[in-house]
């Protein structure tokens with residue numbers, strides 16, 4: 001309860017954003033057949049899946065920042081760089097939780113990565 005159940009990303013070049021998230025995080029992304037400006041996204045495993053959309057946009061709306069849980073920030077930082085994204089805030093410790101870093105995807109959307117050191 002009270003977990004994120006849907007997210008939205010806005011991108012002038014959504015095809016590029018789709019390739020980035022599929023390649024880096026293994027998300028399943030499909031373009032909707034009835035709207036060529038919307039892609040549906042499934043992230044995570046079946047037990048912790050979060051669904052969202054990537055929208056073609058011509059302006060970047062202000063938005064919240066979503067964080068993606070990863071096993072290793074260093075491992076994913078390499079993948080992000082290899083696929084055209086960039087780290088903007090290096091790994092910092094969150095005492096009692098783990099580590100957090102912030103990145104930009106290929107469309108300059110800001111997102112976080114959380115590496116837990118304790119189980120919830």
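Cβ atoms are placed via backbone N, Cα and C, with glycine included.
Positions annotated as domain 'VOC' by TrEMBL: 3-116.
Among the features that TrEMBL reports, region 'Disordered' is placed at 38-61. Sequence-distant contacts of the region 'Disordered' (38-61) (same chain, at least 6 residues past either end, Cβ-Cβ under 8 Å): 3-12, 14, 17-18, 21, 25, 27-32, 68, 108-109.
For the compositional bias 'Polar residues' (38-50), residue counts in helix, strand and coil come to 0 helix, 7 strand, 6 coil, using DSSP. Annotation source TrEMBL lists compositional bias 'Polar residues' at 38-50.
Averaged across the domain 'VOC' (3-116), pLDDT for the predicted model comes to 90.
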